[in-house]
Amino acid sequence: MLLFSMVAESNAQLSENYYASTCPNVELIVKQAVSTKFQQTLTTAPATLRIFFHDCFVEGCDASVLIASDNGDAEKDASDNKSLAGDGFDTVIKAKTAVESQCPGVVSCADILALAARDVVVLVGGPEFKVELGRRDGLVSQASRVTGKLPEPGLEVRGLVQMFASNGLSLTDMVALSGAHTIGSSHCNRFANRLYNFSTFMPVDPTLDPAYAQQLMKTCPRGGADPDAVVDIDPSRDIFDNLYYQNLVARKGLFTSDQALFNDLLSQSTVMRFANNAEEFYGAFSSAMRNLGRVGVKVGSEGEIRRDCSAFN
């Protein structure tokens, strides 16, 4: 009861018009900065969206993942965050600079990241949705606190459900947020076990479509893959659509944690709904992003408004 009352209290202090009097044009300022960055590199979209997810699941949505440490012990330095693309961090920095020029010391990096995550989704054809604002930037960023907080590519559905539930997110939220993989990519080492050493008697994961497995092997040969080789999770990577779910139905999910969403009866019907109806997916994703944006938010004296997103004040 105490936990839920604390969450409710934090959520109550978030609102869509939080900066109406202090920085009324903040959404437009961020949108313009994000759009400019997106035009320079398409990686901006998946990179920014992924950073938002990784930020919220560790210390809450408080921009703690943006902190840079000379000692290499900040949240972004954790092994699970090493693959976060620089374009995502650069997007937030550029947006923060633009906001600071018009509303100095008013808008948190956490809110700018939340807005930027929504804006990149729209830029690649995804749904528009309202973002609640009023977060403060966190005062803690430690690599050691990341362990066990982010879903691994080999996680099964029940593990995923438990992890998302610990952040106040439902099974539907989990399946919908997984749809962000429609604009994602991965290095070979994150799924190579499904191609070559799945089990003693079955080297290739039997839940993987054989033709798709052969296709992946060409990009990621046994023991000889380019460590920088990248595979798109969804062939329509630059478009935010529901093809990710259609791929799961066709047994073409890249990660075990992707394919498990269709294989497990607990989540299969939700995958089928999203695969058959893009609008239903968009609605669920919009709702899930708003729910995600409420995770562990800092308000009032719990945090600060950073002048530089990469450093505590």
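Backbone N, Cα and C atoms are what each Cβ position is placed from, and that goes for glycine too.
What TrEMBL says about a protein is an automatic prediction, not a curated fact.
For Cys103, the disulfide partner recorded in TrEMBL among Cys23, Cys56, Cys61, Cys109 is Cys23. Of the cysteines listed (Cys61, Cys109), TrEMBL assigns Cys61 as the disulfide partner of Cys56. Record source TrEMBL places Cys188 in a disulfide bond whose other cysteine, from Cys109, Cys220, is Cys220.
Across the structure, Gly60 (Ca(2+) 1 binding site) and His54 (active site, proton acceptor) are spaced 9 Å apart at their Cα atoms. Taking the C-alpha atom of Val58 (Ca(2+) 1 binding site) as reference, the shortest distance to any of the disulfide-bonded residues Cys23, Cys188, Cys220 belongs to Cys188. In the predicted structure, the domain 'Plant heme peroxidase family profile' (13-313) carries a mean pLDDT of 95. Cα of Cys23 (disulfide bond) to Cα of Cys220 (disulfide bond): a distance of 48 Å. Other residues of the chain with a Cβ within 8 Å of the Cβ centroid of Asp55, Val58, Gly60, Asp62, Ser64, Glu75, the Ca(2+) 1 site, are Cys56, Phe57, Glu59, Cys61, Ala63, Val65, Gly138, Ser141, Gly296.
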